[in-house]
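*Asks:* Before I ask anything, let me first share the structure, which is written out below as structure tokens.
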Amino acid sequence: PCAAMAFADVLEQVGSTGRFQVLHVTLLCIPILMMASHNLLQNFVAAVPPHHCRAPTNFSLSHLDPQVALLLTVPRDSDGQLSKCQRYSNPQWHLLARNSTSEETGGAAQSTADPFTADLEGCKEGWEYNMTSMPSTIISEWDLVCDLRSLKQMGQSIYMGGVLVGALIFGGLSDRFGRRILLLCSHLMMAVGGTCAAFAPNFSVFCLFRFFCGMALSGQVLNSFSLIVEWIPTRVRTVVGTGTGYCYTTGQLILAGVAYFIRDWRWLTLAVSLPFYVSFLYSWWFVESARWLVLNGKTKQAVQNLRTVARVNGRRAEGDKINTEVSISMGILGVKLGRNVESFCMLQESMKKEMSCSQGTYSALDLLRTPAMRTITICLSAIWFSTSFAYYGLSMDLQKFGVDIYLIQVIFGAVDIPAKVVVTVSMSMIGRRPSQCAALILAGVTVLANLLVPYEKQTLRTCLAVLGKGCLAASFNCCYLYSGELFPTVIRQNGMGWVSMMARLGAMVAPVMLILGETVTWLPGVIYGGVPILAGGFALFLPETLAMPLPDTIQDAEE
């Protein structure tokens, strides 16, 4: 009888690491450079500038020095800082006399009225912002401070909600309609959504188009990953997977540079969106995954794509030997490789097997239908949720570190480079499972250790946060590759869509922890650190995939 020949062997015939793969992977990775710009855009477009209440207009204070006018109208807190959300109902003229006396005697010039005796009110006439570092943000444009300060976190949660919805929608659609067409739609949606967000007239419209950008990002991630992994051989999956991770890392550094030179939030949003128009145009060149085409019964197109790969790789003769004949009456696929009967028989049996796998319709329910798939799905869900939850908990509030936000963005981005080098070596030498487990547990330990460091030691606190963020970046790098190797081809997009949804759910929940921190300051740190440690335990129940062939069917995954 004929021995089964894997699809990887067919790919070897037409070239598995030739010019086609180099060009294909490179073009797919270029948009990944800009994905971080949208994921972390909130750090810059929603930066909170120093602000205080605007002085009442019904009092003539224009003849006074601005600092004197502030003394008369805005109280100071216990740290001597201007109150952000309250002002005096009436100018406190006695403070001016007290201030003059204090200056004459050499005392402090920051006298304050007793807040229990002075009449205070909210900022009825708006706020004044110190815009020395950037000309405008969505905070200053729409006054998202004081009672509306939670809207800043809501904006990021809405964006992540779009990423979650996109993972649900694009995961299933790309398994049904193909990777290429959904990738094209995602690029166009990102470009148009980002452009519209840049010209949004109000916060609600801004959030709406950011939601669409989030959806588009999910489509880009899922379909780019599938198109990459389904056109490359097993032996280079680790290297290529890590390379795509470095593209995201580089994107974080690009964002810091672009945000540094483009300080206006509208122009910055537009600048990180326009490149996706270019990605949309050249993505028409991509060829659909032959593996997906075979599993969906589109064998003629699959053979045509394989011939295209052969021509690009300089193996035209090998490509021309591939032929297909479909017997309508029996529904049997025959593929002729052309060299001898044995090779034809092997490939025929392989393609028959793959075709038999495509006869049924698969859905997200298949992720839980069999014992092995249940274990894989549950464990990967915990890993993705915890990684994203802690990652965005650390990355989305850069101002809390008391360091220049452009500098801390560069540091947070740069730490991914050594982290991913270490995890790449670890995945290739000791395996995916121990690497995933170690990255999560170490990340949780560093976050918990940060709770023991006094707040005044900002440098040490920042260093621990950077180390934790590097471990979480390594975990992300590992779980992307690991998940793609665990889910079989017939439900890979459903699986990747599900775990991506869990990651976005973690990213949506992360800002809620910051709100809880206003009442119990240590609680967010305990949760951000405890959840990854717990997920590290889940990783121990996953099977190892180092040097294993990519599973095509659910049965392959079970075996």
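Using N, Cα and C of the backbone, Cβ positions are placed for all residues, glycine too.
Here the structure is a predicted model, which means the values were calculated and not measured.
Feature table excerpt (TrEMBL):
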- 100-547: domain 'Major facilitator superfamily (MFS) profile' (DOMAIN)
- 157-174: transmembrane segment (TRANSMEM)
- 181-203: transmembrane segment (TRANSMEM)
- 209-233: transmembrane segment (TRANSMEM)
- 245-262: transmembrane segment (TRANSMEM)
- 268-287: transmembrane segment (TRANSMEM)
- 375-394: transmembrane segment (TRANSMEM)
- 406-425: transmembrane segment (TRANSMEM)
- 437-453: transmembrane segment (TRANSMEM)
- 459-483: transmembrane segment (TRANSMEM)
- 495-516: transmembrane segment (TRANSMEM)
- 522-542: transmembrane segment (TRANSMEM)
*Asks:* Which stretch, 245-262, 268-287, 375-394, 406-425, 437-453, tops the Cβ pairs under 8 Å count with the transmembrane segment (181-203)?
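*Replies:* Stretch with the highest Cβ contact count: 268-287.
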*Asks:* Can you check how the pLDDT averages out over the domain 'Major facilitator superfamily (MFS) profile' (100-547)?
*Replies:* 80
*Asks:* Quick one: do the transmembrane segment (406-425) and the transmembrane segment (245-262) have at least 3 Cβ pairs under 8 Å, skipping pairs fewer than 6 apart in sequence?
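*Replies:* Touching, yes - the transmembrane segment (406-425) and the transmembrane segment (245-262) meet the threshold of 3 or more Cβ pairs under 8 Å.
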*Asks:* Let me spell it out: take the transmembrane segment (245-262), skip the flanking residues so only those 6+ beyond its ends count, and list any with a Cβ under 8 Å from a Cβ in it.
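*Replies:* Beyond its ends, the transmembrane segment (245-262) has Cβ neighbours at 29-30, 32-37, 40-41, 44, 268, 271-272, 406, 409-410, 412-414, 416-417, 420, 473, 476-477, 480.
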*Asks:* Of the listed stretches (157-174, 268-287, 375-394, 437-453, 459-483), which one yields the highest count of Cβ-Cβ distances below 8 Å with the transmembrane segment (522-542)?
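*Replies:* Checked against 157-174, 268-287, 375-394, 437-453, 459-483; highest Cβ contact count belongs to 437-453.
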*Asks:* Go through the chain and flag residues at least 6 beyond the ends of the transmembrane segment (268-287) whose CB is under 8 A from any CB in it; none is fine as an answer.
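*Replies:* Contacts of the transmembrane segment (268-287) (Cβ under 8 Å, skipping residues fewer than 6 from its ends): 24, 27-28, 30-31, 34, 37-38, 41, 44-45, 180, 183-184, 187-188, 190-191, 193-195, 197-199, 213, 227, 255, 258-259, 262, 305, 308-309.
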*Asks:* Determine which residues of the chain contact the transmembrane segment (375-394) at the Cβ level, with the cut-off under 8 Å and only residues 6 or more beyond its ends counted.
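*Replies:* For the transmembrane segment (375-394), the sequence-distant neighbours (Cβ-Cβ under 8 Å, at least 6 residues beyond its ends) are 160, 367-368, 412, 436, 440, 443-444, 447, 465, 468-469, 472-473, 475-476, 479, 482-483, 486-487, 495, 498-500, 502-507, 509-511, 513-514, 524, 528-529, 531-532, 534-535, 538-539, 541-543, 557.
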*Asks:* Establish whether the number of Cβ pairs under 8 Å between the transmembrane segment (495-516) and the transmembrane segment (437-453) reaches at least three, counting only pairs separated by 6 or more residues.
*Replies:* no
